[in-house]
Amino acid sequence: MDHIIVKGGKKLTGKVRVEGAKNAVLPVLAGALLASEGKSFITEVPNLADVYTIQEVLRSLNVDIEYFPEKNEMHIDASSQLSSEAQFEYVRKMRASILVMGPVLARNVFARVALPGGCAIGSRPIDQHLKGFEAMGANITFGNGFVEAKTDGRLRGAKIYLDFPSVGATENIMSAAALADGVTIIENAAKEPEIVDLANYINEMGGKVKGAGTDTMRIEGVETLHGSNHSIIPDRVEAGTFMVAAAITEGDVIIENAVPEHMAALISKMGEMGVDIQETDEGLRVRATRPLRSIDIKTMPHPGFPTDMQSQMMSLMLTAQGSGILTETVFENRFMHVEEFRRMNASVKIEGRSVIMEGPSKLQGAQVSATDLRAAAALILAGLAAEGITRVHELYHLDRGYVDFHLKLEALGADIERVSTETSEVKEEQMV
Ligand SMILES: CC(=O)N[C@H]1[C@@H](OP(=O)(O)OP(=O)(O)OC[C@H]2O[C@@H](n3ccc(=O)[nH]c3=O)[C@H](O)[C@@H]2O)O[C@H](CO)[C@@H](O)[C@@H]1O
Ligand SMILES: C=C(OP(=O)(O)O)C(=O)O
């Protein structure tokens, strides 16, 4: 098992390019199941563990796929008769596997998917996905750890109000509605840029989706969809993570391929802390010098502050002057990393859904374990600013969502290595 060793204290400088977005590519690849004719050619597909998992899910559903990771391209042919079942081994590995349910149901009038259950960041039910399918005429049943949806014929267009603007429910319902009979309206829809990316792809396949990026979407179902070319949008969370890396090391980094309009809340909150962020022709330039000011942040659905940047932002807030409060409203249990920050001498306490920080904490290197994907990145970021050596374990979380994270940081000047546990003792001695 690998872990990362980072020695704090280096200022990061230079340029880094962000990949295609994990949270856009997963729904788009699931959406490729909708095409009963022709092939889809998807570009900017990041070389991530989650991409291999969704590839396996699609293969298990009888889809023909070729992936060319060196050119970030995937060719998908879903024109054969699809199988209807997504098994536990995939859904357990990656919750986004549930996104195949809408397309499979729409194509096959039957879908059977292992129940995702909870994960480290919360219970994560799928009731809103199912409520949508039910409104479109599906009969939902549960048994043996699976959820099944069945219709007598084609799904029917329906009006669906989401109790919460769930990203996954909006994507699943949008995909199912794309092949339904009639018009579906999704009210209180999620507005994330990844929703817009999926809607664009469905429209490129011959679909009729309007209103993506607003809270009311209108999807007119069509009889068939065909494969098409699509390029995945840049990863706003990866971009944000490098913004924090620049700021926490008092560095000067240009982030290429970032889309500032997708990151307005983050740019604004980092600006409030005193980080200098400028849009340039080459990319987003991020510079900082201490002291940074403490601020308060509350995570919210887009365009609010993204929960997927909460833990990385916590690293930065720990280094700021004064007291700051970070409140998590999207997931009920996304503070597992707080205990790990404490190992690094962070002055931080949890009160209900908030974390209170008295800064600046004098971060110290320590052995820590990633508790989820973004926590993995956050602990490495904290290690960049800590005194001494930090070792971050449980890197399978990191690999779900970051391509060559340590190599990109190293290229910016970080003192960082990824090693297998067996060789780590030697490596650490060399770094001291
Ligand atoms: C692959 C992907 O794109 N993952 C992202 C997606 O996850 P995901 O699509 O799972 O997130 P949702 O927006 O659905 O979930 C947000 C909240 O709604 C709740 N909920 C959701 C669905 C439902 O049927 N019932 C229900 O109660 C969840 O438990 C959670 O508390 O959006 C999240 C919120 O921006 C991000 O953190 C994830 O990175
Ligand atoms: C929570 C995340 O992803 P997922 O929904 O795939 O678990 C994330 O990307 O931070």
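Glycine residues also receive a Cβ, built from the backbone N, Cα and C atoms like all the rest.
Please treat TrEMBL annotations as automatic predictions, because they have not gone through curation.
The active site, proton donor annotation in TrEMBL covers CYS119. According to DSSP, CYS119 (active site, proton donor) is assigned to a strand segment.
Secondary structure at LYS22 (phosphoenolpyruvate binding site), as computed by DSSP, is helix. Residues or ranges marked as phosphoenolpyruvate binding site in TrEMBL: LYS22, ASN23.
What TrEMBL lists as UDP-N-acetyl-alpha-D-glucosamine binding site is ARG95, ARG124, PRO125, ILE126, ASP127, GLN128, ASP308, VAL330. DSSP assigns ARG124 (UDP-N-acetyl-alpha-D-glucosamine binding site) to coil, not to a helix or a strand. For ARG124 (UDP-N-acetyl-alpha-D-glucosamine binding site), the same-chain residues 6+ apart in sequence whose C-beta sits under 8 angstroms from its C-beta are ARG95, PRO116, GLY117, GLY118, PHE331.
The domain 'Enolpyruvate transferase' annotation in TrEMBL covers 6-409.
For CYS119 (active site, proton donor), applying a Cβ distance below 8 Å and a minimum sequence separation of six or more within one chain yields ARG95, ASP372. The feature 2-(S-cysteinyl)pyruvic acid O-phosphothioketal is assigned by TrEMBL to CYS119.
Among the residues ARG95, ARG124, PRO125, ILE126, ASP127, GLN128, ASP308, VAL330 said to bind UDP-N-acetyl-alpha-D-glucosamine, no two Cα atoms are farther apart than 22 Å.
According to its DSSP assignment, ASP308 (UDP-N-acetyl-alpha-D-glucosamine binding site) is helical. By the criterion of other Cβ atoms within 10 Å of the residue's own Cβ, the least surrounded of the binding-site residues ASN23, GLN128 is GLN128.
Separation of the C-alpha atoms of ASP308 (UDP-N-acetyl-alpha-D-glucosamine binding site) and ASN23 (phosphoenolpyruvate binding site): 10 Å, rounded to the nearest whole number. Taking CA atoms as the reference points, ILE126 (UDP-N-acetyl-alpha-D-glucosamine binding site) and ASN23 (phosphoenolpyruvate binding site) are 17 Å apart.
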